[in-house]
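Enquirer: The structure follows.
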Amino acid sequence: MNSKGETEKKQNGGDGGNKEKFSPLLEEQTVVTYVTVPPDGGWGWVVVFGSFFCNFFVDGMVYSAGVFLGPISQSLDVSKSQVTLIGSLLTGFCLMAGPFASALANRYGFRVVAILGSVVACLSFMASTFANSIELMWLSYGIFGGIGFGLIYVPAVITTGFYFERWRS
């Protein structure tokens, strides 16, 4: 078979039924891709400022969970080892919410996801003030607070990259 026949055979799966001819492009075509160039400043500095405060509050709450060990263990009359699980759940769910938060941010935008995370975190911490057992603290403060913080943290970290090219580290 000639090379044209081999091309037909490969394209049609070798069954010989439908004999469509394969022809390469006869003329050159230009493909244009548009690339968004970050503005390197302006509104980007406001975004950096907001991202800083998101990280300040989220990391401040996550990494200072040990400060609350004594008061929580006394008020709920449980051991400190049970109370440490609250901070672990908070940190774990904050980081595990990352892929979920990223998918939501791609679909609905960073601002919407960060606001949703703020509402979830606020409601979960308000609910934890009414918790009268360690299990409710694990659920409200640890799990739901961690999910809320994850929804805040991911947009705060990713957003700044869309506003800067030159000032990236």
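For all residues, glycine too, the Cβ spot is worked out from N, Cα and C.
TrEMBL lists these features:
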type     : residues : note
REGION   : 1-21     : region 'Disordered'
TRANSMEM : 43-71    : transmembrane segment
DOMAIN   : 44-169   : domain 'Major facilitator superfamily (MFS) profile'
TRANSMEM : 83-102   : transmembrane segment
TRANSMEM : 108-131  : transmembrane segment
TRANSMEM : 138-164  : transmembrane segment
Enquirer: When you scan the chain for residues with a C-beta under 8 Å from the transmembrane segment (83-102), skipping those not six or more beyond its ends, what do you find?
Expert: 58, 61-62, 65-66, 68-69, 72-73, 76, 113, 117, 134, 137-138, 141-143, 145-147, 149-151, 153-155, 158
Enquirer: If we skip the immediate neighbours and take only residues 6+ beyond the ends of the transmembrane segment (108-131), which ones have a Cβ under 8 Å from one of its Cβ atoms?
Expert: 54, 76, 101, 137, 140-141, 144-145, 147-156, 158-159
